[in-house]
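Notes for the one structure printed next.
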Amino acid sequence: MDNIVIAREAAAREAIKYLRDKYVVGVGTGSTAMAFLRELHKLIISDSIEEILLVPTSTETEIEIIKLGLAHLLRYPWQVNHVDVAIDGADEVDRRKNLIKGGGAALTREKIIDYWAREFIVIVDETKVFPSIPSKHPIPIEVIPFAWSIIKARLEELGGTAELRFGSGKRGPIVTDNGNYIIDYMPKAVMNPDDMERIIKEIPGVVEVGIFSGKRISKVIIGRIDGSVTTMD
Ligand SMILES: O=C(CO)[C@H](O)[C@H](O)COP(=O)(O)O
């Protein structure tokens, strides 16, 4: 098995320990979150956990829940009055638990559900840990299509590069679950993530920013390629 897969699965298995009977669980987006969903599926079919409900953070995750035969557990935000725990992946994490998210273009729904949850637990493999963010991955920003060129220009004025995200088939810009576009922004200068998030969010037409503040995160579980895990609280 691929080393990264071993690391992601180790983090996903560890996250299972934070679930309880009757929990409403926010289910993240991406391959690591899907590793968690597969572990959760095992628990559910073996009756090791009871009356759990699943709130997806994207259409992609919703489809995976249905494909696993768990449609009866699927709930939308308006069908529950809270989320006990959200488990989600990330593209980058720094030592203060600040995250870059949105590699899968799901950052807005992820932030809505992850921040709503009483506990927000992040699962990553060790290659996602960096001294500061953004390091390798630009900051995904969800924008209203009408405003994309203006926002791109405003970001470039702030310094750095800003690119409208296209699909791999080059048929046009990626469209999010909310009908918006994604701009990937790599700033020139390192800045405090909370300040960076605030500055970008102030640009009219920006829907959400793929910086998730470490202050909002309960725990980061880091899976290692030897199968071990470490936790940042
Ligand atoms: O933010 C996300 C989707 O919008 C994902 O959580 C992030 O891209 C990590 O994905 P993966 O686990 O596949 O590396």
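Heads up, the Cβ atoms here are built off N, Cα and C, so glycines get one too.
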Next on the checklist: Given that TrEMBL assigns THR29, GLY30, SER31, THR32, ASP88, GLY89, ALA90, ASP91, LYS101, GLY102, GLY103, GLY104 to the substrate site, pick the one from LYS17, LYS42, LYS67, LYS128 that the record assigns to that site as well.
Outcome noted: LYS128
Checklist outcome for this item: Among the binding-site residues LYS101, GLY103, LYS128, the ones with a Cβ under 6 Å from any atom of ligand 1 are LYS101, GLY103
Checklist entry - Could you state the CA-to-CA distance between LYS101 (substrate binding site) and GLU110 (active site, proton acceptor) to the nearest Å? => result 9
Next on the checklist: My understanding is the cutoff is Cβ-Cβ under 8 Å with a sequence separation of 6 or more in the same chain; which residues meet that for GLY103 (substrate binding site)?
Outcome noted: GLY30, ASP91, HIS137, PRO140
